[in-house]
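Following: one structure in structure tokens, then a few remarks.
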Amino acid sequence: MALVMNSENERLQHQRRFSGDLIGITAIVAIGAIGYFVFPDNLALLTRMITIALLVLSLDLVTGYCGVATLGHAALFGSGAYAAGILSAHYGINDPLLMMLAGIAAGAIAGLLSGAIILRAHGLPQLVLSIALIHLFHEFANKASSWTGGSDGLSGIAPDPIFGLFEFDLYGQTAFFFGMTLLLVVFVLLRFLVRSPFGMLCRGIRQDPLRIRAMGGSPMAALIRMYVISGAVAGVGGALNAISTQVVGLDSLSFTQSAEALVMLVLGGTGSLFGALSGTVIFMLFEDYVSAANPFHWLTMVGALLIAVVLFAPKGLFGTAAAFVRRRKEARA
Amino acid sequence: MQTVFSIAVDALAYGMVLFVISIGLSVTMGLMRVVNLAHGAFAMIGGYIASYAARDLGLGYAAAVIAAVVATIIIAIPLERFLYRRIYGAPELTQVLMTIGITFCVIGIANYAMGPTLKTIPLAGALQGSADLGFRTIPVHRLFVILCGLAVALALWFAIERTSFGVKLRASVDDAAMAAALGVRTEIIYAVSFAVAVGLAAFGGVVGAELLPVEPYYALRYMVTFLVVVSVGGAGSIPGALIACLLLGAIDTTGRYLMPEFGEFFFYLAVIAIICVFPRGLAGRVK
């Protein structure tokens, strides 16, 4: 009897997860389509949003799922961007997919490096290590100006048409659809990842690393692996940024970029892929709107928004909304 | 030799400014466990008020310093009461979000109220010019900053080690719940330490305005430096913070003098090395 109920439950849960996936994908496509039809002249903003969303998703993997506090995640993003850009600008390899692969590889390597350093400490020292790391990356890219263009930025990136068919046009149509496709693929893969036994292990480490070790798991190895995966995801975002804007600036490796990514993640809600996505979209729309409406006060407004979120929606906007919906459902049941 | 000497004086003065500003952060972080990224903003507010008092109201330097410290504390008390008190004990990420938000607000308001230009604080006549040490001359202002740093260190040491307030403070740092159970009014201890920390930040911001110029993005630019210093020293430790400030001040100043093209490369390299060797800071205690 119990067995039957278990399998029944499992089937239900499975169905619910699957419908969750489906709703998620539909929501992303729908929001993308709305954006496409509402801002047809501003596809560059939408593409930028997608690249940052990939960065925030990647940050969510280490911060939300593993509990690693970092203010240096743009190091992974920037490495991907520079790798893709250097491949095109210095080696003349202009195939977008190869550039993407280079970005993924460079992001993963940067992830391995940062993970090996950042994971040595906990709490405040960990935060400071990540800050020091992003500054080192930044100074290094600035110094190696023959490769990276230094503070002038890396230009001369000219991606070929995708599959030789879709050329990158002036209006950013191709870049937008390329970005949407990448985002969907990454999203689906990450949904699988965070539900896999490995994803569960990472959540367990966040909650109680000592207990995981007592059960025979190795928190350090798992976290480093997650860092590498996160680096690959950030690398996708970085490479997409290099391909779509055809220039890579030092700001993609900056502390400000890292801090903004963290703000977006916490704003949306950590530990959930939807939280990462919604935080990015809301923050960037808000920033775009406010900085256009009132360029003198936009920083004050952003600050006030952050304080308001901490006071009234401590789990992030998506996290608080999800909790509210769950409470409503339970009340009805 | 001349270079070595001037590097040493500048490094010492810079380290002392860092110390005066970040010691308050170190104490509050050790006490309330709040990652306060807005600490630099208070130093900036102090600098602005002193500049306003000295240039627009025509007060003397000493009066401007006192006005800056008092006014910054008055601004900070409602912030502590209504915003900070809600995030004591909250997860680090929440604290980071809230304090970055406060920093952004302060920057935006400062930019609006005081304008985006650099503000100077006119020095008192006695602090201008240079002092003759017999074999070298050094700017009097540097000497003044170094003396201020030493005075603050001594005063804090005395207050924390020798007074009954210090005893209660140390008890609350070690175990807030137990201290409260023994009758220590921890919320008063928290408020007083926060006010002292903010006052010291404002003091450091004014005194160090020659080395860390006051402008709206001050709060963001040096936020990381203060956090790094506290973390390297070990939160809550005065000797640790002093050693960390002098060490990092020396590394940063030397790097700027001898290899300016590398920027802050060596500073952050040193930070990573120190934290990897001492994950709890130079004077951190094992919990």
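Glycine is no exception: its Cβ is also placed from the backbone N, Cα and C atoms.
Record features, source TrEMBL:
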TRANSMEM  B:6-27  transmembrane segment
TRANSMEM  B:34-54  transmembrane segment
TRANSMEM  B:60-84  transmembrane segment
TRANSMEM  B:96-114  transmembrane segment
TRANSMEM  B:140-160  transmembrane segment
TRANSMEM  B:188-212  transmembrane segment
TRANSMEM  B:224-250  transmembrane segment
TRANSMEM  B:262-282  transmembrane segment
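When Cβ-Cβ distances below 8 Å are used as the criterion, the transmembrane segment (B:188-212) is approached by residues 13-14, 17, 19-25, 27-28, 31-32, 39-40, 42-47, 49-51, 64-65, 68-73, 76-77, 80-81, 84-85, 88, 119-121, 123, 141, 144-145, 148, 152, 165, 168-169, 172, 218, 222 of the same chain, each at least six residues removed from its ends. Here the transmembrane segment (B:96-114) sits against the transmembrane segment (B:34-54); at least 3 CB pairs are under 8 Å, leaving out pairs fewer than 6 apart in sequence.
Counted over residue pairs 6 or more apart, the CB atoms of the transmembrane segment (B:224-250) and the transmembrane segment (B:6-27) come under 8 Å in at least three pairs, which marks the two as touching. A Cβ distance under 8 Å defines the sequence-distant neighbours of the transmembrane segment (B:140-160), meaning residues of its chain 6+ beyond its ends; these are 9-10, 12-13, 15-17, 19-20, 23, 27, 123, 126-131, 166, 169-170, 200, 203, 207-208, 210-211, 238, 242.
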